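Per TrEMBL, these features apply:
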DOMAIN    22-286  domain 'NADH:quinone oxidoreductase/Mrp antiporter transmembrane'
TRANSMEM  56-75  transmembrane segment
TRANSMEM  95-114  transmembrane segment
TRANSMEM  151-170  transmembrane segment
TRANSMEM  177-195  transmembrane segment
TRANSMEM  201-218  transmembrane segment
TRANSMEM  239-256  transmembrane segment
TRANSMEM  276-295  transmembrane segment
Amino acid sequence: NRVTLSVVLTSLALGTIFTVSSSHWFLTWMGLEINTLAIIPIMTQHKHPRAIEASTKYFLTQAAASALLLFSSLNNAWLTGEWSIMDLTNPLSCATMTVAICMKLGLAPFHFWLPEVLQGINLTTGLILSTWQKLAPMAILYQIAPTLNTPLLLALGLVSTLVGGWGGLNQTQLRKIMAFSSIAHLGWMVSILPFSPQLMILNLTIYLIMTSTMFLMLKTISSTKISSLATSWSKTPTTTALSLLTLLSLGGLPPLSGFVPKWFILQELTNQNTTILATTLALSALLSLFFYLRLTYI
């Protein structure tokens, strides 16, 4: 039904815009809830058991994260008397808010829902889940970055890059590979957020462009497995070649555009005297690049 689809898509857009533009915690929570409820009908439009299972997992995880976010904002308002996003000063509220947003994004160790949910839905819905649904939580992180617990953020970012690299090594499903790619890229963004939010925005922008390109190409060649990607070369050679370049760009291989934010992030982390973190992130990028190269060779 086109009317129903237009209403759902409008609600999805308005929920994100509502969250990004509000400065009150209750309105931010309301926008996130609208966003979550709007994508559930899109995920369940194909009456398949895997789609129903994926939408149920997504709803339960997002509802738990929203409840934790509301608890954090209520606790902060109780102690400080402020509902403004910029006045998150209570340490307990900062920690629980970080966990809530990381759960919404799918950062490790709260990432277990993301590969399963992305595997159970089609490529179009996976595109929305991997790109548009990241905007609202990342906007909240960007606004409250000065008040967050920096060691906690760095730990979550480091674990996410390692999990995103290791998790994608033994996968044969392209949607799960894209899910672990999302986890690794979000780890890079969270790691640089306390030091340079502008670099986080640059990394997010390039990630959104590359991921959208990859999902659209996979939809064009109707490929969801590595085996089907291997047979698409004879049917659509141009699209397949472009998809391989996009994969290498996601992996951060120079001189492609995905290398630029990683280079800047490593340089900034080195300037901030976090050389060990920068070295570990660079090594974790090699893990991700390995399975991207494996897809390219296939």
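These residue numbers are counts, starting from 1, taken along the chain as shown.
Cβ coordinates come from backbone N, Cα and C, glycine included.
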Contact set of the transmembrane segment (201-218) with the rest of its chain, CB cutoff 8 A exclusive, min separation 6+ beyond the ends, reads 123-124, 126-127, 130-131, 134, 138, 142, 174, 178, 181-182, 185, 188-189, 192, 224, 229, 239, 242-243, 246-247, 249-250, 257-258, 260-262, 264-265
Among 95-114, 151-170, 177-195, which stretch has the highest count of C-beta pairs below 8 Å with the transmembrane segment (276-295)?
-> 151-170
